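Report on the structure given below.
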Amino acid sequence: MSRILLLLAVLIGATSQKEVTIKNEKCRTCNFLVSTFDEGLKKTARHHFAGGDTAWEEKNLGKYKTSETRLIEVLEGVCKKSSLPNMDNFMGIAEIEFKCSTQLEKHEETIEEFYYNQQHNNMSNWLCVEQLKLCCPDGHFGKNCEQCPGLSEKADVCFGKGSCHGDGSREGSGKCKCETGYTGNLCRYCDIEYFEESRTVQGVVCKKCHEGCLGVCSSESSKGCSKCKNGWKLTEEGCADVNECQNESACTKEHEICVNTVGSFKCECKEGYKKDDEQNCQFDVEASPDRPFMPIDQQLKLIAFSSLIIIITFVVWHGSPVLYVLTGITIVALILVDLYVNPDTIPDEAKRFLGY
């Protein structure tokens, strides 16, 4: 019965995930306006009053705090990206400066009301939520700013394990989109391959099952598995990895070797071979074996020089005309080797023969 309920929770949770993405542009544009306006207030305060003490400012700012002169200075930077230190909170809104300026022009009187009479209030809440009704407070959604799931039960939104669709906007369904490992309308159940570690009125804590478990489990160790995935076998100690490479039928193609992995295995080519388009292991002419102590072209030159020295020694010793001819041939060969032999001109077969 409990498994049936869990399955239903998963299905319901999956349905709740399929929600239209909310851009919430009007609300975010309003908050962009507020942010640039607030930066303007800070900038003018720094320019004219560097005291930093609220009581001092109330006493000494005089009429400038709500003067038309200051408002004009503030409005010069409103709706400009350059007014903010970064735009991270407003990414993805096309033509945000134009849209912000449109809001500013449309609601100029409301913004002036805030400046002259409402500066003691939070501007974002007063303007965007209460007056223009473009946003909702955090934890609320929709046209009437209804509470997101969880708040009515004095818990966090979606019991702290998900996000509320439309949170903070005048849009959305209010359904919870659960974090990985959680499911259900309120994200109060553990998803498949997760188990319930603890539960309180504030929510549930779920942890992932052991990697060898198939489906539900009771703890994070392999002993908590009720069934095992392919590549694992159920033992007294729980799910244990199966070494498929012990099976002679694994990796039977020519030049293949079996490599055991956790829960599976893979077939790789022996050293000096590589897979072709048909996944067969073929001789790799480009394979790089252990490099010799001396480059191959230098080896050939050393052989040529050594041969020359040996021949000259015999020529001097015997004084034979034939050896004089061989000496001449060797000198010509040595010159050709020195001029034309390099790693690019040496055939692949010769490289492999010399271990290069």
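Every residue, even glycine, has its Cβ placed from backbone N, Cα and C.
The disulfide bond annotation in Swiss-Prot covers Cys27-Cys30 (among others). DSSP classifies Cys27 (disulfide bond) as helix under the three-state reduction.
For Cys158 (disulfide bond), the number of other Cβ atoms no farther than 10 Å from its own Cβ, over all displayed protein chains, is 29. Per Swiss-Prot, disulfide bond is recorded for Cys158-Cys176 (among others), and the stated evidence type is sequence analysis.
The feature disulfide bond is assigned by Swiss-Prot to Cys178-Cys187 (among others). Summarising the environment of Cys187 (disulfide bond), the number of other Cβ atoms within 10 Å of its Cβ, over all protein chains shown, is 29.
Annotated disulfide bond per Swiss-Prot: Cys245-Cys258 (among others), in sequence order. Cβ neighbours of Cys258 (disulfide bond) (same chain, under 8 Å, six or more residues apart in sequence): Glu244, Cys245, Ala250, Cys251, Phe265, Lys266, Cys267.
According to DSSP, Cys251 (disulfide bond) is assigned to coil rather than to any helix or strand. Per Swiss-Prot, the feature disulfide bond maps to Cys251-Cys267 (among others).
Residues annotated as disulfide bond in Swiss-Prot: Cys269-Cys281 (among others). Look at Cys281 (disulfide bond): DSSP puts it in a strand.
For the domain 'EGF-like 2' (241-282), the model's pLDDT averages out at 90. The domain 'EGF-like 2' annotation in Swiss-Prot covers 241-282.
Under DSSP, Asn122 (N-linked glycosylation site) is assigned to coil, being neither helix nor strand in the three-state scheme. Taking Cβ-Cβ distances under 8 Å and a sequence separation of 6 or more, Asn122 (N-linked glycosylation site) has no neighbours in its chain. What Swiss-Prot lists as N-linked glycosylation site is Asn122 (among others).
Positions annotated as N-linked glycosylation site by Swiss-Prot: Asn247 (among others).
Annotated signal peptide per Swiss-Prot: 1-17, in sequence order.
What Swiss-Prot lists as topological domain 'Lumenal' is 18-299 (among others).
Taken from Swiss-Prot, the feature topological domain 'Cytoplasmic' covers 318-321.
Per Swiss-Prot, the feature topological domain 'Lumenal' maps to 342-356 (among others); the stated evidence is a curator's inference.
Summarising the annotation, Swiss-Prot assigns transmembrane segment to 300-317 (among others) and lists sequence analysis as the type of evidence.
Annotated transmembrane segment per Swiss-Prot: 322-341 (among others), in sequence order, evidence recorded as sequence analysis.
If you compare Cα positions, Cys187 (disulfide bond) sits closest to Cys176 out of the recorded positions Cys176, Asn247, Cys269, Cys281. Residues within less than 8 Å, Cβ to Cβ, of Cys281 (disulfide bond) and separated from it by at least 6 positions along the same chain comprise Lys253, Glu254, His255, Glu256, Cys269, Lys270, Tyr273, Lys274, Lys275. In this view, Cys30 (disulfide bond) is surrounded by 25 other Cβ atoms within 10 Å of its Cβ, with every protein chain counted.
Taken residue by residue with DSSP, Cys158 (disulfide bond) is part of a helix. In this structure, the C-alpha atom of Cys30 (disulfide bond) lies 26 angstrom from that of Cys158 (disulfide bond). Each of the disulfide-bonded residues Cys27, Cys176, Cys178, Cys251, Cys267 was assessed for Cβ neighbours inside 10 Å, and the highest tally belongs to Cys176.
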